[in-house]
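Annotated features, as they stand in TrEMBL:
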DOMAIN    66-397  domain 'Fumarate lyase N-terminal'
BINDING   153-155, 184-187, 194-196, Thr242, Ser374, 379-381  substrate binding site
REGION    175-194  region 'Disordered'
ACT_SITE  His243  active site, proton donor/acceptor
ACT_SITE  Ser373  active site
SITE      Glu386  site 'Important for catalytic activity'
DOMAIN    463-516  domain 'Fumarase C C-terminal'
Amino acid sequence: MPLWLRKGDGRHGGDNPDGLAVPARIGATLGIMTKDQLTGTNRRTRVDQLTGADQLTRTETDSMGPVAVPAAHYWGAQTARSLQHFPIGGERYIWGGPLIHAFGLLKGAAARANGELGVLDEQLVSLITAAASEVAEGVLDAEFPLKVFQTGSGTQTNMNANEVIAARANEIATGQRGGKSPVHPNDHVNKGQSSNDVFPTAMYVAVARETHRHLIPAVESLAATLHARARQFSDVVMVGRTHLQDATPIRWDQVVGSWAAQLEGALAGVRASVAGLYQVALGGTAVGTGLNSHPCFAARVCELFEEATGLPFRPAENLPAALAAHDDLVAFSASLRTLAGAAMKIANDIRWYASGPRTGIGEIAIPDNEPGSSIMPGKVNPTQAEALTQVCVAVFGYDAAVAFAGSQGNFQLNVYKPVMVFSVLEAVRLLGDALRTFERFCAAGIAPRTDVISAHLDRNLMLVTALAPHIGYDAAAKLARAAQATGSSLRDVALASGEVSAADFDAWVNPAAMTKPEAR
């Protein structure tokens, strides 16, 4: 529950039995649905699966006139118009929780800030924050049926939030769902705001929260698991490979540890770029000038955001720029692309190392999670690596969409906001999910196949590199070519050449020592 709606908060009087902080002076009214009732019924109601009883309507109005809306739902006229005019993509493109919950936080904080600044009646503040809390907590998720592909400013989704919060607040106050009294969706819930500054603020809050909650912990956990697997088999020496060809030796812990380090480097980029999202557009209203908003409004809302989320949100230094462009979100998306690139490399390395297992490289064993073929018995495939790499490809695509959309601002507004935030949230969610499953079902169980590794290491002609400082590059190259041509071992060819004694060869060509030359 947001900090401004905690039980016992003196600003909101007594607590009702279901845990919602409703002002004591407003009291309970017969017929009001409780939060438990909402959670048990409304959240499961789908827009396209209303029962006959649910099809009963009430009349709501907007500036264009009356509209019939389902009586069982809280949304109003503008939401209903959007449902009619933008039936694009089906349920796949309905907003998920992160953005809607960010709207709940935003509207509750806005009401409280307006109340503290003396521009909104305290009773209205209490009603709005009570309803907004339910939105923030996901109780009213089913009341947000709109599609991503709508007006490019996100106006319909902002009005969806305004209408739902106003309707629920009015139900708390009067027992009657909907209407515009005592709480008006524009005059009160949207006070001091415009869709042009509210929607991008909700965008940034949603992405930042989801990144900290879902993505960053997943990357940290996978990196920690890889570090642990690296340490567990740190004495195993493997064939190094460059250009897909044999190279000098490398230890298991250096290979696996490098994967963890690459993830940590990409994560540092994510952390750095998400900080750009803490500067929000709120306070700019329509074109960045702040018209119709109290000059202290945005700063106070950001303080409340920080209390509720622990993240240091603040008004952007240049509000017109924050409305007209979303370069910080473009940069953040690019950091996700970098992270996806790191994950792609790691997943590909593991499946190549696991290839075979008898006629490929076969140096790493991966968990046997499920049968790999409907026709070939006993076949096991690197399915977790394949799933992760597919997610990475999707993230690359989402980033391309974000980069293009970010370039399309005109004058004082970028009108590609919905597709930008949808793409970024999808990328964050997919990467977080994929990295977690990859860790659990693959990375945590990888192990070296030491018999295969030893056999490959014995045949590795690039061990000759250790001879070059002693017999010269040209002589060493001649030995390697001779061994390759005859199929002989490097040791046999070196001893037969007379260039190297057995004692010197064994002293100089030490694969383990070659992985840590500083110790020699």
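Any Cβ shown, glycine's included, is placed from N, Cα and C.
This view paints the features noted in TrEMBL onto the structure.
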{"residue": "Ser153", "record": "substrate binding site", "Cβ contacts under 8 Å, 6 or more apart": "Ser195, Asn196, Phe199, Leu413, Val415, Lys417"}
{"residue": "Thr155", "record": "substrate binding site", "Cβ contacts under 8 Å, 6 or more apart": "Ser195, Phe199"}
{"residue": "Pro185", "record": "substrate binding site", "Cβ contacts under 8 Å, 6 or more apart": "Gly76, Met159, Asn162, Glu163, Ile165, Ala166"}
{"residue": "Asp187", "record": "substrate binding site", "Cβ contacts under 8 Å, 6 or more apart": "none"}
{"residue": "Thr242", "record": "substrate binding site", "Cβ contacts under 8 Å, 6 or more apart": "none"}
{"residue": "His243", "record": "active site, proton donor/acceptor", "Cβ contacts under 8 Å, 6 or more apart": "none"}
{"residue": "Ser373", "record": "active site", "Cβ contacts under 8 Å, 6 or more apart": "Lys379, Asn381"}
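Residue counts for the region 'Disordered' (175-194) under DSSP, split into helix (H, G, I), strand (E, B) and coil, are 5 helix, 0 strand, 15 coil.
Per-class residue totals from DSSP over the domain 'Fumarase C C-terminal' (463-516), listed helix then strand then coil: 41 helix, 0 strand, 13 coil. In this structure, of the binding-site residues Ser195, Asn381, the smallest number of CB atoms within 10 A of the CB marks Asn381.
Classification of Thr155 (substrate binding site) by DSSP places it within a helix. In sequence order, Ala347, Arg351 are the residues near Glu386 (site 'Important for catalytic activity'), counting only same-chain partners six or more apart with C-beta under 8 A.
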